[in-house]
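Annotation comment: Swiss-Prot describes GLY166, ARG167, SER168, SER191 as NADP(+) binding site, evidence class sequence analysis.
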Amino acid sequence: MTAQLIDGNALSRQLRAEVAQRATALKARGTTPGLAVVLVGDNPASQVYVRNKVKACEDAGFHSVLEKYDASMTEAELLARVEALNNDPSIHGILVQLPLPAHIDDHKVIETISPLKDVDGFHVASAGALMVGEVGFKACTPYGCMKMLESIGMKDLRGKHAVVIGRSNIVGKPMAMMLLAANATVTICHSGTADLAAMTRQADIVVAAVGKRNVLTADMCKPGAVVIDVGMNRNDEGKLCGDVDFDGVKEVAGFITPVPGGVGPMTITMLLVNTMEAAERAAG
């Protein structure tokens, strides 16, 4: 049995088309969705991510602002820029690209973003809303993973055991909360887990999000499981790969996301969805 692919590019195209329609409708009422992207320093990977985000905004008919600053920018200067964007009515979403230079406190910057414009879903208010089931912006990567599950008919996960490998604030923790909200029984595994394979072999759904190659191999996978690979790594030939041993696991799993072309495009798509929702809320 070879697993069916969950195509993140195809699902993204569908969802982005829906966002573009919503943007057109909102613009007809006099409001253009606006996203500000702030980049500090010249990290090559960050530059690529930022470029892709700005292009996706423009393709959806959004107003986008890209602010690039030298790595020598002070924390106080960056916080002042974020406050200015908080007060700009044409901007509905603010994204500060991480990582920031070492002298700037990521947490302080994220907490300065207005929760009403926190389209990355990283603010403590957004995380708290997710925890208690209130309305708030969901972190884009796990939100995209949930949409991928929905696309294969897995919206209500009652009776399903989901294992999340990774406990980051950006993916692992919010992923677990979203799976829990969908009625899954959730296990979170990490570097302190004694027997990872014993956990994953019981899992109907595995989300791998640690940034380490081959963290999930075929012998660790339950036949027919759904495997979502959030990882972004390079193999020995320098090619992009995920956290999952794709060639091995696809012979055991029922569904699997590829890398590239899986979770990656969905992350940007859900950023657009969040920005669209922020603009609609602001417009009333």
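Here the Cβ of each residue, glycine as well, is placed from N, Cα and C on the backbone.
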If the NADP(+) site is taken as the center of the Cβ atoms of GLY166, ARG167, SER168, SER191, which further residues of that chain fall within 8 Å of it by their Cβ?
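These residues sit around the NADP(+) site: ILE165, GLY172, ILE188, HIS190, ALA209, VAL210.
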Please report the number of other Cβ atoms within 10 Å of the Cβ of GLY166 (NADP(+) binding site).
24
Looking at the binding-site residues SER168, SER191, which one has the fewest other Cβ atoms within 10 Å of its own Cβ?
SER191
Would you count the other CB atoms within 10 A of the CB of ARG167 (NADP(+) binding site), including those on all shown protein chains?
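Summing over all protein chains shown, ARG167 (NADP(+) binding site) has 18 other Cβ atoms within 10 Å.
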Taking the residues GLY166, ARG167, SER168, SER191, which the record names as binding NADP(+), find the longest CA to CA distance and state it in Å to the nearest whole number.
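With GLY166, ARG167, SER168, SER191 as the binding residues for NADP(+), the largest Cα distance is 12 Å.
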